[in-house]
């Protein structure tokens, strides 16, 4: 069995090696000719899976995408061809949630404006939005959720309108899928009018899809309003973001919010489980066995940390400033965006860092944030 797989997916060999011949490929430049003889195709969001790519293949048994979203996959075409498909919903939700939370802590430090006491509006309450809310609520931050689709489906959480978030939130964090049609389309959800209407001193975080924001309009508005603080991980026109926009962001990264080692491993592992199910064989590999131990095994925690100490704790796991600096230095290079993604040293999630508990600190909230070892 020939398994064609994006070269940037981790842990493919230990998981799929016993199931067939693994053929790594460049996901962004993948051609129909390369796919022609594949039995299994495993992709990421950079690969457009459609009739143009697959029409020459008559033996495909399974298509898997190690992503939360599916907007890069023509699901109707796969259904028409009776080709089984699976993605990995929620695989990197924790990573994105922690990324957004860390970015807010970094902004708080940079501008000497504590995160504690601010109101955060989360637009999109699916997997990544929920993970972001979990971090914030563990730290005692008031969160407003906006998700008209979840609300209509009967989700029991309390939701507010986008207008309410824009009026009340000090920080807005975007976590919606990209939809280009329909009542709740999200393409250019934040157009020039909405961007201009943001309340003074808003922190604006985008970790979902670049064209949820009109990037040209964002440049125009930001140039007029220095009070707006931007954290941008996604960009319209990836992998070539508008060069004028990058310097306007406080933190800029190349679509890597979900790039934790745990999240990437989880995405590959979910596809492994699905393929085993499809082939009616036992999935006998373990996700925990794949992950290496963290290089800093434990941190002593004598008292509940203040915000500055919490940021230092978070930086043990991931220092956003490093990726921001590297991106600014490389994004204008040929293939700089994709090269940084490909060579990214996947960060760890909070759970990789064990906290030694002395029995005196009030640290339940750190456990809720995801750190391990608390209370043990």
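Note: Cβ is positioned from N, Cα and C throughout, glycine not excepted.
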Candidates 117, 258, 263, the one Swiss-Prot lists with 147, 233 as binding NAD(+):
258
Residue 67 (substrate binding site): tally of other CB atoms within 10 A of its CB:
21
Length of the line joining the Cα atoms of residue 209 (active site) and residue 45 (substrate binding site), in Å:
11
Please tell me which one of the recorded positions listed here (147, 233, 238) sits closest to residue 45 (substrate binding site), measuring Cα to Cα?
238
Looking at the recorded positions 147, 233, 238, which has the shortest Cα distance to residue 259 (substrate binding site)?
233
NAD(+) site residues 147, 233, 258: biggest Cα-Cα distance, Å?
21
What are the other residues, in sequence order, whose C-beta lies within 8 angstroms of the center of the C-beta atoms of 45, 67, 259 at the substrate site?
44, 66, 68, 69, 92, 255, 258, 267
Rounded to whole angstrom, what's the largest C-alpha distance between any two of 45, 67, 259, listed as binding substrate?
13
